[in-house]
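Below: one structure, written as structure tokens.
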């Protein structure tokens, strides 16, 4: 029952918010997001960090098709639920400085999306998962199309084509699995005995959907354009939370269902992931727009996460768990900093900025901490994740590990370059009038910095949540692989 | 007692960082200065106490576990400390010299608007440096390792409004990161080989392995790559001279006395592993010697007083690596210690000169400062004699210990080491004469303001001068009737002493050769810069080919730029403009276009009510059913 509260609270919030106007809509959205966070904390206190699925609900829904409203939370889901519900209030608070037209619709869509995301992260029925997937997608599509930048229509078309193509592939995969299992239940999918040929097809159907969402090279070209053109709130939702749908999808709906298919194609996926790290990092070197630079850096980071998943070791997957949270927190922080800058100076062009540290020391410190988290300095959240991920990849293959490891050098190059060009040096005519962060900006950035350091110094509680579930998943894959 | 007090040593500077960080804009400068220095003094006194406790306890190692940091599967990394003879000495160097430099900074940075920030960063640096040397495993060491890199970044770029200073900071961080990747991969390999990254578990297992084992060679090479970044060895040393952009106390503390010796500390700590890898040792000895020579050659023609000292640091670090390579761990570590004394002294002295000259660093505009900066001159002269290797000052003992071991290992390396010693003595005396002798060559306006630095700056100079003079006493070799105290003390840290097999006559001959080299260099520098009053030509002036190469630092920055930076940027643009925008997007837009066109056609067929989305879904289902049907049939 707690789970239903978790899933439907944002939906109720969406309805309430859509009826309000202006500031009231903002406050209502924030209130519901905070309420969801409280519910999450409530769940956390009752959660036992073992491998079992907890708070499970299962109601018959469309019985003719074997569809049930079946959802529950294990350690892996818990991480993504925490991610969603911690970031949501921060993202909403970060949007407070903006006066969006039709604010009620804007905030209602965000809450609606939250429901969709939570459904994706807890669904244990294939059909329900798909409903959540689309429910999360439609609002973000509207957010980008209606509140985005000047190129939004063209860019959105690309985003739409990509994601629809992905959804289609996944739907095909799901229907195929249904036809085999005569049910959409995840356990029925797990119990299937597909031969390696069938598994290969299902693998690609799902993988392409998830790969587009994350995105993994070469399915990524919608991402930089969309991140750059979307309103910053949309960018934060996409990069902070939504791309984790793809990561979560791989872990929950790909690895344990078609382990043989994974095993057959693992080499290709690993190489694509690692190429993505290097490729996107290099592109980030010479980007002129800071938002686009961060977008490419996100592709590089996600490449490493993807490689960590397919390394299929406890360390790699635990690294994925930590890094999903860390990446979410850090990337939201980065985009927020850039939003603060662009809302004051109307530009994110690196060359036009400079010297902000002089006029905005508080922004300089918080931005630096976020950058350090992003480049995985020990003592920040980024290090824990990257260290485990790189170790996982290294164990899969030493050379891939070394090439993937270049991310710690390249990351420092493009991130510090951006920091230098934006914050250091002397002020110019444009940046001289910049004012330091205040009010809600301070709350958001201080919270993010605190999370970065606390998670980096004492990651144990987070890692403890998912460890048993990750172990269980790996055993499940191993057992099925033996059959 | 050690158990219950050890964690306080790093905690104190951390506390100083937090207090000064929060109060940087509200506290008075003197309060900030005394808090910043006070916590380091307290940490030093505690370190002294701990040192004697360890000495008297008869124990060699005390480990303290704070909490479980990272744990995943069979990988367990506790946040824990190891206190043993090696870390005990490092603690004394870091907090002792650290305190003196904090004190000095109160005077040096007094006029700076970022005074509070400076002390906060300096305290943070000490904290990370202590973590580096106290870590009981490679990962905790790595926290400190990268943490000091961060502080180095922050302090090199302290005056960040100057864009080339900010670039120097970035360069230092990135070049260190190249080494750090080697370190990290090395740690992965250590874990996979020994099942642990704890020193106490790795070394005993390694001790039973065969020398020359491939995996050990690989591990040690990877660790050495890490050391090359942090300790500025070829090919990764070019960040250190640029790092002189930071305030001079930073150069003294971070880029001379402590952080840059972290690589030597790490290798000395892992001596068990390196002793099993003769190939790696040979590589280290060669790289060290080459770095020592090249940096010394560059130092010969530099005109910026801090740049001379920076290249000198690189060169001296090269000596230390030569020592490590030939197995003279004690000699190498001994040189870390004496170098910390005399190089911190020289940098602080240079800072005192720069302070007096209102931020003038070019020696061509100095000269004749001897009479006006008496204490600075006297103390710096002691430092110069020490680094030049003239007995009985500290540098003589440590350098000769390394050279004697190098002589046993390989005569060529020894000869290059000796040549470097000659060059070192020359460029150091050149620096002293250009700065302090002859006539004043600066502006008249600046001349009127030249004054000796305040006591808070000169006292640290005096203390360091005493240490630079007598520091050699802690490891007097047998040939002088000494008992090599340091070597004996370090046995407790698992560092096996290496006995020289040379006869006493040979030892004396070697010492004689290096002392002679230093004295000849002194004489030559005196003739050229005092008697003939030679002044280096302006930047554009005519230089011989060799001088040009030296003055332009072997064009290393230009070469790196041409073979690494430029190609990577070209790849960046190619990937973005061609692959991303043309190739991949071209394909996607092709699909998008055909889908849109296709659905337009379909819309006509189906009276315009079916969207693209539905079409795709239906198409998919049909295709799937068809596929199933066909596969059954």
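Using N, Cα and C of the backbone, Cβ positions are placed for all residues, glycine too.
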Transmembrane segment range according to TrEMBL, out of A:103-121, A:464-482: A:103-121
Residues flagged as transmembrane segment in TrEMBL, choosing from A:201-222, A:421-442: A:201-222
Annotated stretch (transmembrane segment, per TrEMBL) among the listed ranges A:324-342, A:343-361: A:324-342
Residue numbers, six or more beyond the limits of the transmembrane segment (A:75-96), whose CB comes under 8 Å of its CB atoms: 6, 10, 26, 29-30, 33-34, 36-37, 39-40, 43-44, 47, 49-51, 107, 110, 114, 117-118, 121-122, 232-233, 236-237, 240-241, 244, 248, 251-252, 321, 324-325, 328-329, 332, 336, 339, 440-441, 443-444, 447-448, 451, 462, 465-470, 473
Cβ-Cβ under 8 Å with the transmembrane segment (A:363-384): same-chain residues at least 6 beyond its ends: 297, 301, 319, 322-323, 325-327, 329-331, 333-334, 337, 340, 356-357, 408, 411-412, 415-416, 418-419, 422-423, 436-437, 445-446, 448-449, 451-453, 455-457, 459, 463
Of A:127-147, A:159-181, A:261-286, A:293-312, A:443-459, whichever stretch has the most CB pairs under 8 A to the transmembrane segment (A:396-416): A:261-286
